[in-house]
Structures are given as structure tokens and as C-alpha cells.
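> Can you keep this structure in mind? I'll have questions shortly.
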Amino acid sequence: MNIVMDTRLALQGDQEAFIRLINQFELSLYRVAKAFLKKDEDCSDAIQETIVAAYQQLHTLKKPEYIKTWMIRICINQCQMILRKQNRIVTTDVVENSIPSDSKFESIEIKEAVGQLEETLKVVVVLHYFEDLTIREIAELLQTPEGTIKSRLHRARSVFVVCGLIFGTAYVFPSWMQALQQIPVVGNIFKSLGGKGEKQAAEENLVSEINQSVTNQGITLTISEVLFDGTRFSIGYIVELNHDQKISKEATPLIDNPGEFIISINGKEINSSKSMSREEDLGTKKEFGMIQLNQVNDLPDQFEAEVHVHTIGKIKGDWKFRFPVRKIPPKVFEPNLSVKDGNVTIRADKIILAAGSTQVNLRVEGPLNSVRRKFYIFDDQGNKLKSVNQTSDGKAIDNDRFSEIYYFHFDPLKRKPHYLLVKDVKKHDEYIERVIVNLNNPPTPSQPIILSQGILGETKITQIERLTDRTEIHYQSTGASKESHYIIATWKKQLNEEKDYIKPLKEPRLVKEHPNSYILTLLPLKKDTSIYLNAQAQKDPVYNEDLTLKIPLKE
């Protein structure tokens with residue numbers, strides 16, 4: 001990302017460029033806000049007001065290269081305003097006296113060290129060591145002499161040395177992502193990046209520590225942890241560049257896709273589908289990631305795994321790892337139950353209740369046009385299991401009959417149900433409910449606009465505020481799923497191109513004082529404008545009752 005170029009585009013009215021700048025600086029704004037404010041919700045308010053103020057005042061920015069410092073100054077002003085509203089008057093260099101336990105500065109050493117700093121030191125530490133601002137930039141930002149800033153940094157270093165943190169010109173103070181691994185707690189990556197299954201397994205100390213590192217071409221790749229429970233094989237990794245290596249967006253030497261991990265089991269390469277999640281911070285030259293293999297039913301209970309990486313980004317090298325893996329024993333049920341309707345048979349092959357997930361294997365046999373089906377699965381209390389991942393594997397039985405095996409992966413169950421209920425979906429219509437709104441005649445709390453979303457509930461548009469710098473859409477959602485709480489604004493009814501969508505200035509935010517109430521923030525709209533508001537909707541599914549399968553889970 002070229003920050004200066006995007007700033008110039010934003011100054012010319014390019015809304016997408018402004019949104020890119022906000023995405024780039026969001027973490028920096030959070031760090032600054034956290035140095036002043038204790039509660040995350042206050043930080044969120046400060047950041048939101050900073051974004052609005054920055055958009056409104058962007059024309060006052062004289063030098064595009066100073067956009068980051070300019071936005072940090074706005075953020076500091078917003079933090080001060082919040083503190084004043086809370087009857088705590090502060091000056092620019094006074095902040096809260098502690099880093100709260102929910103801070104993103106996760107390392108215990110760093111938290112304690114920063115916590116011991118005087119109020120006058122904390123902001124300069126965040127700006128210098130977290131945001132890489134120079135002493136001169138900090139002095140201008142805080143309107144404080146450079147000598148005073150140097151003195152405060154020197155005093156801060158003394159505290160860090162006492163706490164065992166060595167500071168020097170070559171040392172880069174860790175951000176929250178770096179601090180994640182300062183104390184080698186097994187499962188940290190899974191807790192940060194994993195799904196519900198990995199997180200629950202990490203919290204229950206079921207993750208295996210590996211911590212093998214290989215350095216090649218100036219890049220250190222570390223396999224930190226693994227989880228194998230019979231339904232998934234997850235690998236946590238860290239990529240770290242050396243301090244002398246320069247990086248840019250165009251040639252970022254970080255992992256780009258899961259296919260770059262060649263994984264072998266007992267010397268044989270496996271071709272299971274892989275998925276990836278990751279977080280990166282170009283400023284710290286680190287990436288934390290997780291690779292997950294889903295089709296692992298045929299793997300042995302224990303094996304030697306080999307991970308081989310030939311390319312990281314555009315840099316070719318050789319990073320190879322070998323480590324033993326042992327399966328966390330799951331509960332396995334093989335019910336051998338089936339139902340038949342005409343020439344279609346559905347069979348429950350296997351149910352696996354594992355540490356990191358629940359897996360249900362179903363086999364469908366019948367003519368080719370009948371084996372591709374949709375299923376919903378419920379527990380004994382009628383709760384629908386939410387699918388995390390679904391794969392299938394088909395083959396021909398004879399000339400006119402085929403077999404399709406479905407592998408459904410769900411989050412781990414909190415309790416073992418007495419049975420599972422598999423329902424074959426005959427029909428389930430999903431659609432978009434939309435309404436056109438003219439801003440000359442906006443909705444009101446007494447006369448709202450209602451979007452009926454079928455079984456998902458309804459969304460009630462209660463107010464549309466046209467402000468000088470933004471348009472705010474107030475609405476309430478009654479649906480249980482997060483997807484049903486999201487509305488989209490568009491220019492047209494038929495959406496053919498990206499330009500048909502109205503990109504939000506901010507994602508919908510929850511109104512703390514009113515449960516299930518949200519505000520969607522758009523850029524300023526003219527009074528005579530007409531827009532469409534869209535929400536996801538679903539009809540009640542229609543099931544094929546003759547193919548309903550009840551699977552008891554008896555040990």
C-alpha cells in the first residue's frame with residue numbers, strides 16, 4: 001500500500017482510498033487510544049470519532065506524508081474529549097496509570113513494564129516503540145520540547161532494564177502480535193487464529209508443542225504447535241524476517257497460500273485440502289498463521305509428520321521440519337443405520353466427537369442425479385449444528401448407481417447428546433429482502449421500515465440521519481444469526497457490478513444502550529437520493545421426512 005498516493009487520492013475525493021488509509025492505521029489508532037483509555041468500548045468510540053473527524057477535516061492536511069501523525073493527533077484529541085466527559089481532565093502527556101488486563105499488550109513482561117511507567121512516559125513509549133515515530137515527530141505531535149521527549153524515553157528505558165527488557169537502537173519494541181509469543185505458552189496461535197475447535201482444545205491444554213525453527217535466506221520459519229484429534233490436523237506457524245531485511249507490499253516474503261506447505265505423513269505426501277488463517281504485521285516483520293487439513297480420517301493414531309516449504313513469498317529457499325504427532329483419542333460411533341426412499345439410500349457411517357470438532361460422515365447411494373443432497377443436523381434438544389467445513393467424495397458403484405460420502409465438520413459439542421437427527425433438505429429458499437428508501441421521506445421510530453427475513457427474524461429501519469460528514473442508518477434486528485444482523489446499502493435493485501454497492505464508511509456497530517440495535521455509517525448522501533437497503537432472508541426448509549435419520553450415541 002502506497003500511503004502517500006492513497007492520501008493524495010483521498011484529498012481528491014476518492015472514498016475507497018480513504019477507507020484503505022483507515023484500514024492501514026486502525027491498529028495504530030487502537031494502540032494510541034489504549035494508552036489513554038482503559039475500556040475497549042471507549043477506545044472504539046475514540047477511533048470511530050477519529051475516522052469521522054479525519055474525513056471531515058481531510059482538506060486541512062497540508063503534507064500527505066504526515067497523514068499518520070495527523071490522524072494520531074486527532075485520535076489523542078478524541079481521547080481527551082472522552083476523558084473530560086468522564087470528569088477526568090488530562091493534559092496531552094497524561095494517561096491512565098495502568099495497562100488493563102484486557103489490553104492487546106499480551107506479554108506479561110511488557111504489561112508489567114509499561115504498567116510501572118509514570119503517566120508522562122506512557123504515550124511517548126507507545127508512539128516511539130509501537131508506532132515508530134521519531135523524537136521530533138513526537139515532540140511536534142505533543143507540543144513538547146525534543147529534550148523532554150528524550151528524557152522521558154531514557155527514563156522509560158531504565159524501567160524496562162529493571163524489568164529485564166533490554167532496549168537499544170537495534171531493538172524494536174514488540175507489538176501485541178509479537179508479544180503473543182514472548183512467553184512460550186502452547187496454543188497461543190490457536191487461541192488467536194483458530195476456530196472454536198482449536199481455541200477450545202488450546203484452553204484445555206490438548207495442543208502439542210513443537211517449537212522447531214529453520215532459518216534460510218534470512219527468513220526464520222517456526223512450527224510452533226499442532227493439534228490432531230482424528231477429524232482435523234492443524235499446524236501453527238510463525239514467519240519472521242531478520243532485522244536487516246527490507247520488505248514492501250509488492251514483494252512481501254510471507255506465506256501466501258496453504259499450498260506452499262508440502263506435508264508428508266510417514267514419508268508419503270498427502271493431498272488433503274488445506275485451509276489457512278493468518279495475521280501479519282509488516283512493521284514487525286512477523287506473520288502468525290495456521291494451516292488446517294480436514295480430510296484426515298485415514299491417518300494413523302501416531303505418525304511422523306514432515307513439513308517442507310520451498311518458497312515464502314517471492315523468496316526461494318528450503319525450510320524442512322520433522323516431528324512426531326499423536327492423536328488425541330476421540331469418541332467414535334459407527335451406528336450402521338440407514339434409511340431408504342425409492343432408489344436413494346442414506347447411511348450414517350461414522351460420528352466422531354473429538355477435542356477440536358465434531359464430525360458426521362454420511363453415505364448416499366443412488367442414481368447420479370440423486371446423490372448430491374443437502375442435510376441439516378440437529379442434537380437431541382433441537383439445536384441445529386453449524387457446519388464449519390463440508391467435503392465430499394464420490395465414486396461409481398456400477399453403471400447406473402453412485403456413492404457419495406459427505407464429511408461434515410462442526411464445532412466441538414459442549415455435551416454429548418443422546419442422539420443426532422439428520423434431516424434431508426428437499427427445499428430451502430434463501431433470498432434477499434430489499435426496500436427502496438428516498439431520503440426525502442426517511443423512516444422514523446414511530447413509522448419504521450421493516451424488512452421481513454423469514455425464519456431469520458426481521459430488521460426494522462428506525463432512522464436515517466443525514467449529517468454534514470456522514471449518513472447514519474439506525475436499525476434493529478431480531479434474528480439469532482450474525483448474518484441476519486447485517487444490512488447492505490446499494491444504488492440499484494439488480495446488482496451487476498461492484499459500483500452498484502454503497503461502501504460503508506464504518507461497518508455496522510452495536511449500540512451499547514440498546515440490545516440488537518445497530519448503526520451503519522455511509523458517506524454523506526444528498527437529500528433527494530434514493531437507495532436500496534438489503535438484508536438476508538430465508539424461508540422455512542422443507543424436509544424429506546422419509547429420509548430422516550435418528551442416530552443414537554451409545555458408548
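A Cβ is built for glycine as well, from the same backbone N, Cα and C atoms used for every other residue.
The domain 'RNA polymerase sigma-70 region 2' annotation in TrEMBL covers 21-88. Taken from TrEMBL, the feature domain 'RNA polymerase sigma factor 70 region 4 type 2' covers 109-157. Here TrEMBL flags 159-240 as domain 'DUF4179'. Under the heading transmembrane segment, TrEMBL lists 159-177. If you look up TrEMBL, you'll see 331-428 marked as domain 'DUF5643'.
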> What are the DSSP helix, strand and coil residue counts for the domain 'RNA polymerase sigma-70 region 2' (21-88)?
59 helix, 0 strand, 9 coil
> Within the domain 'DUF5643' (331-428), how many residues are helix, strand or coil going by DSSP?
3 helix, 61 strand, 34 coil
> For the domain 'DUF5643' (331-428), would you mind checking the mean pLDDT of the predicted model?
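It averages 90.
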